Amino acid sequence: MQPPSLLLLVLGLLAAPAAALVRIPLHKFTSVRRTMTELGGPVEDLIAKGPISKYAQGAPAVTGGPIPEMLRNYMDAQYYGEIGIGTPPQCFTVVFDTGSSNLWVPSIHCKLLDIACWIHHKYNSGKSSTYVKNGTSFDIHYGSGSLSGYLSQDTVSVPCKSALSGLAGIKVERQTFGEATKQPGITFIAAKFDGILGMAYPRISVNNVLPVFDNLMQQKLVEKNIFSFYLNRDPNAQPGGELMLGGTDSKYYKGPLSYLNVTRKAYWQVHMEQVDVGSSLTLCKGGCEAIVDTGTSLIVGPVDEVRELQKAIGAVPLIQGEYMIPCEKVSTLPDVTLKLGGKLYKLSSEDYTLKVSQGGKTICLSGFMGMDIPPPGGPLWILGDVFIGCYYTVFDRDQNRVGLAQATRL
């Protein structure tokens with residue numbers, strides 16, 4: 001006969017829900033900025049107040065106080081995946097964004113004049129058996145306007161319909177999220193995604209809503225409280241990458257992971273020692289702070305420093321806030337090397353230039369953009385998809401650190 005303590009342990013393990021390892025395929029689409037540029041749209045109007053506004057302040061004020069401009073306009077977001085909300089799941093395409101902390105999707109009750117709502121999937125609480133009314137209003141400020149609506153609670157499925165896709169999935173119960181009834185400007189009309197799933201820390205969550213990954217952690221749905229991103233740099237590859245919840249996949253990276261401690265638990269913020277452009281220019285002298293952000297496609301830094309960087313790589317400004325590099329010169333340009341945790345992370349000219357179509361022609365754009373982020377949130381560098389595409393990135397909530405390793409070219 002088994003000892004009672006061992007029997008209880010076995011029964012406990014059988015009764016406990018199995019911690020999952022969840023893979024979410026990511027798909028790469030043309031960004032809003034590129035879509036508007038190719039159509040000849042007024043992109044400069046969208047970026048007049050800065051291409052990114054979510055870093056304007058360090059954290060939102062308490063409920064009832066003024067909420068700062070926490071989220072950017074997502075003009076440069078490119079990688080999206082699918083989740084489900086409700087029972088049965090209603091599917092939505094979302095940006096998995098490590099630079100914000102809230103989940104929101106369009107609501108079936110959106111305003112009549114909200115054109116973006118017409119052309120995206122909408123959440124219908126009346127079709128969900130697990131919906132719980134909340135009703136608290138929420139308001140997220142953007143450079144181009146204000147996204148608003150009200151909070152609701154329901155089950156979130158990741159991915160949306162895992163049984164049909166053959167993927168392992170999890171259900172995060174009792175998740176509070178935003179039903180957007182008003183979306184600002186024209187940004188979301190051109191967007192290929194329905195909503196945003198924020199994966200940063202609770203500190204920057206609007207209305208102090210518990211983020212999806214924190215709720216997932218509390219419900220012990222994954223073995224390790226980590227998630228990792230692989231972004232495929234091949235523009236024609238599908239899927240465009242993979243988000244893994246609960247672990248890492250060594251097929252996506254070479255060598256060991258090197259870890260950086262999070263310096264401030266709001267965004268995924270780390271210390272960066274310096275940035276070298278070839279052997280002729282050093283930026284971030286004496287060290288600086290950087291955000292690792294899956295929701296931004298570019299690498300962003302202080303305006304004056306990035307202006308020097310653009311000059312050093314021969315990039316010239318375009319009216320839409322982008323910089324162009326002559327494609328024939330790309331192979332001759334210097335490496336840009338970021339020093340993080342005492343290790344060097346090199347970006348070749350092929351890594352930091354983006355080939356895009358404009359007016360039927362291929363042009364090359366710089367993967368860097370200048371923006372000054374004021375205190376208390378800034379100054380900051382933002383390491384977006386240009387960097388993450390080169391370095392497989394692990395976000396570790398158990399030990400509050402970010403892991404990096406050279407990404408595999410598949």
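For all residues, glycine too, the Cβ spot is worked out from N, Cα and C.
Per Swiss-Prot, the feature active site maps to Asp97 (among others); the stated evidence is sequence analysis. Taken residue by residue with DSSP, Asp97 (active site) is part of a strand.
Mapped onto three states, the DSSP output places Asp293 (active site) in coil. Sequence-distant contacts (6 or more apart, same chain, Cβ under 8 Å) of Asp293 (active site) comprise Asp97, Thr98, Gly99, Tyr267, Trp268, Ile382, Leu383, Gly384. Under the heading active site, Swiss-Prot lists Asp293 (among others).
The domain 'Peptidase A1' annotation in Swiss-Prot covers 79-405.
For the recorded site, Asn134 (N-linked glycosylation site), the DSSP three-state label reads strand. Over all protein chains present, the Cβ of Asn134 (N-linked glycosylation site) has 18 other Cβ atoms lying within 10 Å. Sequence annotations record features per position, and here Swiss-Prot assigns N-linked glycosylation site to Asn134 (among others).
In the shown protein chains, 13 other C-beta atoms lie within 10 A of the C-beta of Asn261 (N-linked glycosylation site). Mapped onto three states, the DSSP output places Asn261 (N-linked glycosylation site) in strand. Annotation source Swiss-Prot lists N-linked glycosylation site at Asn261 (among others), citing sequence analysis.
Sequence annotations record features per position, and here Swiss-Prot assigns signal peptide to 1-18.
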- Query: So for Asp97 (active site), how many other CB atoms are inside 10 Å of its CB?
  - Reply: 24
- Message: Measuring Cα to Cα, how many Å separate Asn134 (N-linked glycosylation site) from Asn261 (N-linked glycosylation site)?
- Response: 36
